[in-house]
């Protein structure tokens, strides 16, 4: 009688989606929980994706604060004549009419040019970490590697939360047409 043993190799499973295989290009960096269900890392360098995630998260943190601040009554004075009584939802259209959005486009485009240079250098192996512009203000000075990794993890978690939070606050503000807390 012959006995055969079945040999099955199980591919590593994703930590965040255990019913999927772990994406092979994820390298276990800060905030890496194996979440890449659309396999973007197969087509785009992971450092570029991390850079984009940090950039969008940082923008959303500021955007959430600015969006809610307008509805809480914070203004930049002297405010242009057409800006009195605006809500966060109506402020966009008023800014477009006043021409402020073209100035924002100009300045943000200049910032993107500088950012693109840094990202290209990073992708060519300069050693620059994604999202690092050397602007920590000494906050990380004297910290151990473990403390720095903890702060980086906190930042990426807050960035991810901010992207959802901003989407939620804008949706809720438009649906309720009311002031903060948009209920």
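Backbone N, Cα and C define each Cβ position, glycine as well.
The annotation chlorophyll a binding site is assigned in TrEMBL to 41, 53, 56, 154, 155, 172. Here TrEMBL flags 58, 123 as chlorophyll b 1 binding site. The chlorophyll b 3 binding site annotation in TrEMBL covers 160.
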Handout entry: Which listed residue (41, 172) has most other Cβ within 10 Å, given these are binding-site residues
Key = 41
Problem - Least Cβ-crowded entry, counting other Cβ within 10 Å, from the binding-site residues listed as 56, 58, 154, 160 - result: 154
